[in-house]
Ligand code: SF4
């Protein structure tokens, strides 16, 4: 049902419109139709983005909970590509959480020197590994509360572990999820913190679509809805987007 709706809106706004103004009016009307029901709008956005971005998943490379946790800690303020260039040698030197716990930050530092904030992250990694060895018997814990007890593991990192590795419902909110969900209008204007956005998305996105939605929003934010100069003219969900619709309405008036 949603795909039909999206297809109709998309075709109407791109094929039938004879002038720019007409197409923007159609887009505005499409958006207003969905405004009444945020769940409908969210479902339509997920469906349209799923068509544009097949098989969305994390771009971080890992083979175990230990490797994913290290990669996620390293990815803060750093690109996944850079992290993936770094981790093979790091995991070869420290193949287990026990090996990392036995190391010093100074020994870890050379392996992650090309990553942002290498000194802090080297310390976090060693402290995290010691926390796992001391408090969790060498096993990466699988609940948010336990994960967040580990040094260097905040709510977003814990949520990534839950949704990507442990297949538990969660919605990690990073800079892309925050920007994109607010621009599109998946969360209300009053959602100003990452936690408020997380809660709103958890309310509106069906449980079984949380992981897909999380990755779709990140990939859409990286590729199309960039922080500066979002590529609205080629965006597959411009007809559903609040930011785009408001800008279009301004141009008409
Ligand atoms: S239309 Fe523009 S602002 Fe809206 S989601 Fe697409 S790129 Fe982002």
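Note: Cβ is positioned from N, Cα and C throughout, glycine not excepted.
Where the annotation comes from TrEMBL, it is an automatic prediction and has not been curated.
Small disclaimer: the values here were computed from a predicted structure and weren't measured.
As recorded in TrEMBL:
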DOMAIN    74-223  domain 'HhH-GPD'
BINDING   225, 232, 235, 241  [4Fe-4S] cluster binding site
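Structural mapping of features recorded in TrEMBL.
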| residue | record | CB count, 10 Å |
| --- | --- | --- |
| 225 | [4Fe-4S] cluster binding site | 24 |
| 232 | [4Fe-4S] cluster binding site | 16 |
| 235 | [4Fe-4S] cluster binding site | 21 |
| 241 | [4Fe-4S] cluster binding site | 24 |
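Here the domain 'HhH-GPD' (74-223) has, by DSSP, the following mix of helix, strand and coil residues: 100 helix, 0 strand, 50 coil. Classification of residue 232 ([4Fe-4S] cluster binding site) by DSSP places it within a helix. For the recorded site, residue 241 ([4Fe-4S] cluster binding site), the DSSP three-state label reads coil. The record gives 225, 232, 235, 241 for [4Fe-4S] cluster. Within 8 Å of the mean position of their Cβ atoms, the other Cβ atoms in that chain belong to 183, 184, 224, 230, 231, 237, 238, 243, 244. As a whole-number mean, the pLDDT of the domain 'HhH-GPD' (74-223) in this prediction is 96.
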